[in-house]
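Record features, source TrEMBL:
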COMPBIAS  712-728  compositional bias 'Polar residues'
DOMAIN    1-135  domain 'DNA helicase Pif1-like DEAD-box helicase'
DOMAIN    202-248  domain 'DNA helicase Pif1-like 2B'
DOMAIN    319-421  domain 'Replication protein A 70 kDa DNA-binding subunit B/D first OB fold'
DOMAIN    448-508  domain 'Replication protein A OB'
REGION    712-733  region 'Disordered'
Amino acid sequence: MCDIKRGTNLANLLIETSIIIWDEALMTNKQCFEAFDRSLRDIMAEKDDHAAHIPFGGKIIVLGGDPKQILPVIENGTKQQIINASIISSYLWPHTKILFLTQNMRLQRKDLTEDEYKDLQSFNDWILNIGNGYLYQTIILKLNLTLWFTRAILATTNEIVDEINNYMVTLLPTERREYYSADTISKCVDAPNDANILYPVEYLNTLNANNFPPHKLTLKIGTPVMLLRNLNQHLGLCNGTRIMITKLGDTLLEGIIITGQTLANVGIYLKKKVFTHGQLYVAVSRVTNRKGLKILIENDDGSCGSTTKNIVYKDMDITPLSQLRPGTYTYVIIVRVSRVWEFHGRNDDEPIRHLDLVVIDQQGTAMYAEVPPDALSKLQPQLKEGKILKMRKISIDKAKPTFKPVHGLHMIRLHDRTILEDVHPEPKGFPKYAYFLTPFMQLPQLEQNKEYFIDVIGRITALSDATEITTNSGIVRMKRLIHLMDLSGNIVEISLWGSRAEEFPGQQVYEASKTNHVISIFVGTLVKTLSGARPFLSGTSACRWYINVPEIPEITAFYTSIGQESQPIQKITLENANESHNMIEQKSLLELRSIDPFDNLGAQNATHQQGLREIAIFATSKGMYALNRTTDTATNIITCGEKMTVVVKIQPSKSIDRKGANRNNKDLAFDILSIKKRHGRDLAPCVFKSEQTDTLLDAFSSQTTNLAPLVPIQSNKENDQASATHHMSPQDMDIDHNKYPGAFQLYQTAKSIYQR
């Protein structure tokens, strides 16, 4: 701990302090921060016991610094020792929030010409390239050397600095004066009595320690010097302040402060190569303009060189996803795994082709990532949704052209050399979800879209159980239907397939709808159409859902905008598609009214059940009503008025027997048992109503409705047996199912179709 005791003036000052700013923090050893942390916890705990468990006792600490600059100096230290000594290796680092300064203040000058602006922009990019650790072959640029003259010379070691300073002082034409240090042994408790004998003054004068002036300091008027201690912070006399000497006295020096840490002209003398992270970057970043920079590289044989060594520890630099660029650079990123899914191809039973991920960083930038099969055994156990990971040794590539889950120009490729590390504790405020919402009214234009997956938000109004069906290609798959309604009342059908159909928490959603609205975001879907019908969304392995998650502002805004009593979700019945449709008859409504229901039976005593047939008819809602006059509610159900083709199961009415059948009887009646499947082009192209509000967040800000709090609903990882066995009973309907069995079946099955 620091030597700050409770009750002292300094301790009381720290208690009253609102914010502490620590500049050049990355150059300071982490032990300094940890000691200060323990001290603040101890001091603040005097007022609040809880402060003993909060980093820095709850004080706001602003750490200024650039990870590209010089790190803590460890004598003869290895790369790992230097990194371990920095603040990012401290237990305090996960509690920090990283803020980026992205505006280049040098480019904000009003007096810059267009050429000067471009030249300055190019130079700043070059400096950042050095800090990031990569340079191109054009490092030697043809610059106008006649414009350069020395204002400051930077070197890699104190020895070379002293050599240059002594030489430059001899070039000044002013009077020279020499100042000597008074070196003594500090009187401390542990000092031996014969310390003065063991360490004579002559020996002390030969020592040239870091952050101490030399024993002999030669100065002239006009010599620039730098303070090594804080003398008067109010007057700006701080550690690192540069001063130009204007008067030399016996015991007093006078000078003027040279403002700024950047210079118009800088010369870098590399007699020895840089030896630690960030040295070259700090040197070149001191100059404000490319034309003011001169680099002299001296080889071991004394000749001038054209190349030098640059040391960059990529482990120190956490790169935001927005700054990743294609190449083999050794980026280090910290991201949350927002989504992860296996891609098997068209059939889930096929081997995994690659593992897909959506990752998101602390700034909220999302990016797609991919893991090849040969790296699955190593990486897949760590790639779990919700985890925050530090990723090293990754590759950046151009984004794939199709089926991108997030918008962006680049993607991440993980491989068997990639290193994943868990980040604990979890940084505060780290985003969890990535989505790009599409309004329902834009879906018809996205039918041919294969570039991006589609994300939508709405209220769940109906759903089916997960049902095993046979697709048109003959593959048996699980399927679940969901109806999603936007704020304008538009409804879109979502078909979940395979494991997604089984994992969807159908029963939980159904039960939750009895007391509350169920708002969901579906991500990773594709727009599909069948035989010219209105579009629907298909969700396979890439699909995810976020149901009633209060942390998502769009869900909260949607929920608040509804402002009405919730209605239970309706159940949709999916018929098993294993039944064959290959022999379906094609009939017009007129032909249907003219057929003899017993013409396919040979027995004289055949019953009406044996006359069961499947027939595809082309009709309107009015014609469908006429088909079964006893269905009083049919016209209320089928109100679209559009021409349609549907497949129906029909059988002769129980009141009609074979003897009484009449081919020409216009009053011949049939009972419609169910609408089994839409067939051919059935509905006109979809026309959606526009959204009621410009944005959900605008709607959210204008609502004051007091609704029950949202409760998130998690996905099922196993089959939801309760949901799979739930079916809507006849008692749930407003129709007398005993009197009108055909009407009940029509209501139960047609509603799901015509709501599309």
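Including glycine, each Cβ sits where the backbone N, Cα and C put it.
Automatic prediction, not curation, is the source of TrEMBL annotations.
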Contact check, the domain 'DNA helicase Pif1-like DEAD-box helicase' (1-135) vs the domain 'Replication protein A OB' (448-508), 3+ Cβ pairs under 8 Å, seq sep 6+: no
Counts of helix, strand and coil residues, the domain 'DNA helicase Pif1-like 2B' (202-248), according to DSSP: 8 helix, 17 strand, 22 coil
Taken over the domain 'Replication protein A OB' (448-508), the model's mean pLDDT: 89
Helix, strand and coil residues within the domain 'Replication protein A OB' (448-508) as assigned by DSSP: 8 helix, 33 strand, 20 coil
Counts of helix, strand and coil residues, the domain 'Replication protein A 70 kDa DNA-binding subunit B/D first OB fold' (319-421), according to DSSP: 10 helix, 43 strand, 50 coil
